[in-house]
Structure formats: C-alpha cells, structure tokens
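Undergrad: So that we are looking at the same thing, I have put the structure below in structure tokens.
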Amino acid sequence: MTPQPDERHDPGTAPTAPVPGPDATRVLVLNSGSSSVKYQLIDMADGSRPAAGIVERIGEDASSLRHVPADGEPRETVRRFTDHGEALSAVAEELAADGLGLDSPRLAAIGHRVVHGGQRFTAPTVVDDEVLAEVERLVPLAPLHNPANVTGIRTARKLNPGLPQVAVFDTAFHTTVPEHAARYAIDVETADTHRVRRYGFHGTSHAYVSRRTAELLGRDPADVNVIVLHLGNGASASAVAGGRCVETSMGLTPLEGLVMGTRSGDLDPAVILHLHRVAGMDMDAVDELLNKRSGLVGLCGDNDMREIRRRIDAGEDDGHDGADARRAQLAFDVYVHRLRKYLGAYVAVLGRVDAVAFTAGVGENSAEVRAAAIAGLEVLGLEICPDRNAERSREARLVSPEYARTAVAVVPTDEELEIAAQTYRLLTG
Ligand code: AMP
C-alpha cells in the first residue's frame, strides 16, 4: 500500500522534547509484555548499565520482581502485582532505593519497546497523546503486544509526567522494505482496507546486528549488504542493503517465515481453511495451534535447541529405541531446511552479499545450526571454519575462513542498547 500522506509519520510535526542536559545521559529501557515488564538502565555516556530487572506473572498471585543493581546483590520481591501500574511503581521504588529514581537528573528519558508501529511510525518517536492514540489504533494488528506497550507508556508518564517518553518500534526498521516485497498478492482494496501487508518484526535487533556486522568488517554500513538471521524463540531473517532493510521474513504478524520455537512460520494459507472446514477447528483453536503448538515444539515436543541437540546426540540410547532422537532430528532438519531456503532467497534479493550474521539465543549459541545452515553453500561464497564456529564467546566474531568471499559472523544482539541509543539520539540530535 502506498502510504497515504496523512498516514506517514511526518517528522516536521513530530512532538519534540526538551534537549536533555549534559549530565542526563541515562535511558531507562522498558519492554512491557502482556504479563511482564523487563527493564534496563543504560548510560549512553560510557555504556554502563547501572541496573536491570524483570517483573513476571503480573496479575497472578505469585508475581515477582527481580531487581539487579550493577553495584549490589540482586533483590527479589514475591507478591501480587495486580497490573502494570503496580509493577512499574515497584520498579521505580527499587531504582530509587539505589539512587537511580525516575526523578534523577541523570535520567534523560524512558525508551519503550513498542511492537507495532504500522506504516506510520518509521522512526523512534517522542510520545504525546496523539502518538499514544495512534499506537492504540494499531492494536488490531498486534492484539497481544500493543495494549501492554500502551499501558507501560501510560504508567510511566504518570510516574514522572515531565520525563520524555520515546516509543521505539519493532516494525520501524522494516518500513524501507519496497512495495513489491511488502505487498501480498491479494486483492489490493481488501488488503488496503484492512492494512494487510508485510510489516516485519525484531526490527531493533536487525538494525543493531546489521550495523555491528559492518563494524566487525571494518566497513561503513552504507556500503555493506548483510543477511541477518535472528534465531531466538521467535525467529526472523532480513536482507539489509547499505543499512536499509529490503526484505524480511515476518509478515502481518510474527507468525510468517522461519520455523520458530512454538510458531509454524510459512505454510500454505489453505492449511487454515482445511483445519477449519475438515478438522472443525475454530479460528481461536487454529491461532493457538500455529502460534503455541507448532514450530520445534509441534515437531518434537521441545522448543529449546539445547534439548533438541541433546536428544539427537543421545541417539539409540534415549530409552525409546531412538524414537526421541529421530523426532528431534526431524525437527532440526525442518528448521535448518527453512533457514537455508531463506538464505538462498535473500542472496537472490540482494545480489551481492558481504556477510551473513547469526544472532539471538540459537544463532549466537548453536554451532550445529550455523554449520548445518551454511554447509554446502560454497557456490554462494558461503563457508564456515569449523574451529572458529566451535569457539564459545560473547563477542561479535567471524566464523568463516579468512579467505571466504562472504563473511559469516556471530553477532550477539542487544535490543536494549539499540532502544536506548535510538532514544538518546532522538533527544540529543
Ligand atoms: P532468545 O529468544 O533469543 O532468548 O532465544 C531463546 C532460545 O535460544 C532458547 O529457546 C534456545 O532454543 C536457544 N538457546 C539458548 N542457549 C542455547 C545454547 N547454548 N545452545 C543452543 N540453543 C540455545
């Protein structure tokens, strides 16, 4: 859909916030999920992280807050946090107890992860009432995530109305995907009326990792073409040309694309019709099947790649004559096959590829997945050095041989740092 002028976020009328003082270099990053809030305080002056933590099971009796100050012991509170308001108030109190409260003059802003920014939000945005209303208007596109993000922003505004709040959108990095890649081949009017198109997700991770990969190569991101494989519990691929995303595997929702921990990724859309008409499943049941009981867990009962590898390695000794191992192997093979299809497709999309970067839980840690994904692709200039690939490290590093035409890299993602950096950059210019 060609964005209508009134639908695009116009930077000329974007709300602005006062420029933070020279000592206000810290950003509190908030990631509000449906029943959890993760937070990290990051100092953009030196990259330090004075505190971090998580509130889990909000709304349940045994909700908990784990607060981890950089200079002290972790503190755990187990009690009922009825809603995000109570949870965030408790977080603010913990931060204040360490002298890091929301009224601290060193705090420049709160940066909020917001899952869906639609076509309108192409960049981080200072939140005002109008922006908040627009994020709410996008709830039908992300019914599980945007409501929690909105609640997080509202609550944070109440706790310190004077503090700038910045929304950083998971979809923003993908708004550069060209029309021919973003549009599904369905009736244009139906698609446009219901805002059906490819939006893509994990954008802060793809932005961060593609830039870090260029840095690792010692090159300007504007000159580098990278395929980013974000393989966590959710998984997505993107093709990034000169710093701009030109294709990504997640679509209208995070269900499309690669095989994930519990999500199916790509399938024939008629599977849904079939399950409804022939198996008698209603839409909620299909939704639950495809999002929660598919992917690795649907194929073999486990969504953790470590456990899948353990089952494969146990082989015939699994106590079930190898049946557990065979199912795990099937899940691994389906996962890797899909990954390789995307890799090949994105080489074709980009034409010239300088690097393939693996990131997130599986991408950063599973040498087996990386080796299987790249095996036999020398014809595409892709090769892995077994010794480099086997090395364990938390640093960004190359795992291809020195002579390889295309670099293969492991680049740990850091979505919190990216959100903090985008927030700080927006305010300080
Ligand atoms: P994320 O969503 O990025 O936190 O990734 C979580 C997933 O990473 C887990 O479900 C595991 O499948 C995978 N993972 C984490 N650590 C390892 C590891 N050491 N080896 C293989 N997979 C891992």
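Quick reminder: no glycine exception, Cβ is built from N, Cα and C everywhere.
All TrEMBL annotations are machine predictions without curation.
What you see is a predicted model, and the numbers here were worked out from it, not measured in a lab.
Per TrEMBL, the features are:
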| type | residues | note |
| --- | --- | --- |
| COMPBIAS | 1-11 | compositional bias 'Basic and acidic residues' |
| REGION | 1-23 | region 'Disordered' |
| BINDING | Asn31, Glu415 | Mg(2+) binding site |
| BINDING | Lys38, His230, Leu231, Gly232, Asn233, Gly234, Asp304, Met305, Arg306, Gly361, Val362, Gly363, Glu364, Asn365 | ATP binding site |
| BINDING | Arg113 | substrate binding site |
| ACT_SITE | Asp170 | active site, proton donor/acceptor |
| SITE | His202 | site 'Transition state stabilizer' |
| SITE | Arg263 | site 'Transition state stabilizer' |
Undergrad: So if I draw a 10 Å sphere around the Cβ of Leu231 (ATP binding site), how many other Cβ atoms end up inside it?
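TA: Its Cβ shell of radius 10 Å holds 28 other Cβ atoms.
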Undergrad: Taking just the CA atoms, what is the gap between Asn31 (Mg(2+) binding site) and Arg306 (ATP binding site) in Å?
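TA: Approximately 26 Å lies between the Cα of Asn31 (Mg(2+) binding site) and that of Arg306 (ATP binding site).
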Undergrad: Let me know how many other Cβ atoms fall within 10 Å of the Cβ of Glu364 (ATP binding site).
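TA: 19, counting other Cβ atoms within 10 Å of Glu364 (ATP binding site).
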Undergrad: For the recorded positions Lys38, His202, Arg263, Arg306, which one has the sparsest Cβ surroundings, going by other Cβ atoms within 10 Å?
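TA: Candidates: the recorded positions Lys38, His202, Arg263, Arg306. Fewest Cβ atoms within 10 Å: Arg306.
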Undergrad: Around Glu415 (Mg(2+) binding site), how many other C-beta atoms are within 10 angstroms of its C-beta?
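TA: Summing over all protein chains shown, Glu415 (Mg(2+) binding site) has 24 other Cβ atoms within 10 Å.
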Undergrad: Measuring Cα to Cα, how far is Asp304 (ATP binding site) from the residue listed as 'active site, proton donor/acceptor' in Å?
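TA: On Cα coordinates alone, these residues lie 24 Å apart.
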Undergrad: Taking the Cβ of each of the binding-site residues and counting other Cβ atoms inside 10 Å, which one has the highest number: Asn31, Asn233?
TA: Asn31
Undergrad: What recorded positions in Arg113, His202, Arg306, Glu415 place CB under 6 Å from ligand 1?
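TA: Once distances to ligand 1 are taken from each Cβ, Arg306 fall under 6 Å.
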Undergrad: Looking at the recorded positions Arg113, His202, Arg263, Glu415, whose Cα is closest in space to that of Asn233 (ATP binding site)?
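TA: Of all the candidates listed, Arg263 is nearest in space.
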Undergrad: Give the helix, strand or coil assignment DSSP yields for Asn31 (Mg(2+) binding site).
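TA: In the DSSP reduction, Asn31 (Mg(2+) binding site) maps to strand.
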Undergrad: Can you give me the Cα-Cα distance between Arg306 (ATP binding site) and the residue listed as 'active site, proton donor/acceptor' in Å, rounded to a whole number?
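TA: If we compare the Cα positions of Arg306 (ATP binding site) and the residue listed as 'active site, proton donor/acceptor', the gap is 27 Å.
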Undergrad: What residue among the recorded positions Asp170, Asp304 has the most other CB atoms lying within 10 A of its CB?
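TA: Output for this query is Asp170.
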